[in-house]
Amino acid sequence: MPHDLARAALSGLLHRTNVPKEVVDYIIFGTVIQEVKTSNVAREAALGAGFSDKTPAHTVTMACISANQAMTTGVGLIASGQSDVIVAGGVELMSDVPIRHSRKMRKMMLDLNKAKTLGQRLSLISKFRLNFLTPELPAVAEFSTSETMGHSADRLAASFAVSRLEQDEYALRSHRLAKKAQDEGLLSDVVPFKVPGKETVTKDNGIRPSSLEQMAKLKPAFVKPYGTVTAANSSFLTDGASAMLIMAEDKALAMGYKPKAYLRDFVYVSQDPKDQLLLGPTYATPKVLEKAGLTLKDIDAFEFHEAFSGQILANFKAMDSDWFAQNYMGRKTKVGAPPLEKFNNWGGSLSLGHPFGATGCRLVMAAANRLRKEGGQFGLVAACAAGGQGHAMIVEAYPK
């Protein structure tokens, strides 16, 4: 269940940091598709991981930026003096999503529960029809527009003239970089997880560098027959959880910790969920840079969420367009596209996977780890999210 995965991430964090459980003031987790039995999955996971029952915990949801929301909520609690030590994270279990009975079937079951006499029960049962048994499946679709995210990504790629080949090339880059990072031991934050009744998973298992020839054979997944978004250039459904330790600097130093990075400025943005669903990074990046007094040139490591190759490349084109900046964003000039040599150098959601509620922490930790390894100072994390929302954050390496 989701809380099992989340508990494993929390236990891994405790093991890595040796932080005493009783000093943690608050725990916040993000999740998107909620398991009905554990709606506050943060609390259940915390209890399961052995945290004090006196430590409050709550769960947030903001689509693909749920873990980012968990982190920034924690930052807010520290900044306002409410807490000193926060654990923030996220979890998603895509391999067992809640599937509901149809509304008619649910109503019938509830009414049967209330029926007092045999006659009332028989009367209700006589109204049963076979189509009542059609289940309701959760979909990765916008509630406001009823459009699936893949369909929206395909339209976005088309509107920015991003070709199928460009998307396949970008996806292949993601998988190759992830494989290289994995082989070099750079993805060191991953903790092994024993799947009940199966083997222990010790590393990300969605990294599959293919070839452009193989990828070209795949049919469009959403817009048929002429679409450009396929299974190979989209992020795949993934189980995963993440957790990180966030403290005020003076508290960390007093406890003898060597911090990894500062979480600096951050912004949240929202746009039209129909035509600009996946353009969050384009809107958020200039805002967060201005807030931090930085320019694109100051950033040493970019970590953007890769929902689809087409989404990343469309964002690049939008960020590099004065026309888009002036006509859609009310800005005089473009912010510019991030240089590829600094961008998602250890793979991204296309290759590592995208457990909706957990990805935000992975992005921030990848930025922090890369800054440490590469000797950079500033990282920029950005992500799009369902609902036409987006997020960006500046991460700064802690001085040696």
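Just so it is clear, glycine is given a Cβ too, placed from its N, Cα and C backbone atoms.
According to TrEMBL, the feature domain 'Thiolase N-terminal' maps to 2-250.
Taken from TrEMBL, the feature active site, acyl-thioester intermediate covers C64. Sequence-distant contacts of C64 (active site, acyl-thioester intermediate), defined as residues of its own chain at least six apart whose C-beta falls under 8 angstroms from its C-beta, comprise V32, H305, A307, H354, F356, T359, G360, A383, C384, A385, A386.
Positions annotated as domain 'Thiolase C-terminal' by TrEMBL: 257-396.
The active site, proton acceptor annotation in TrEMBL covers H354 (among others).
As annotated by TrEMBL, active site, proton acceptor applies to C384 (among others).
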Report summary line: the domain 'Thiolase C-terminal' (257-396) resolves under DSSP into 57 helix, 34 strand, 49 coil
Query raised in the report: Over the domain 'Thiolase C-terminal' (257-396), what is the model's mean pLDDT?
Result: 98
**Report entry** Other C-beta atoms that fall within 10 angstroms of the C-beta of H354 (active site, proton acceptor)
**Finding:** 24
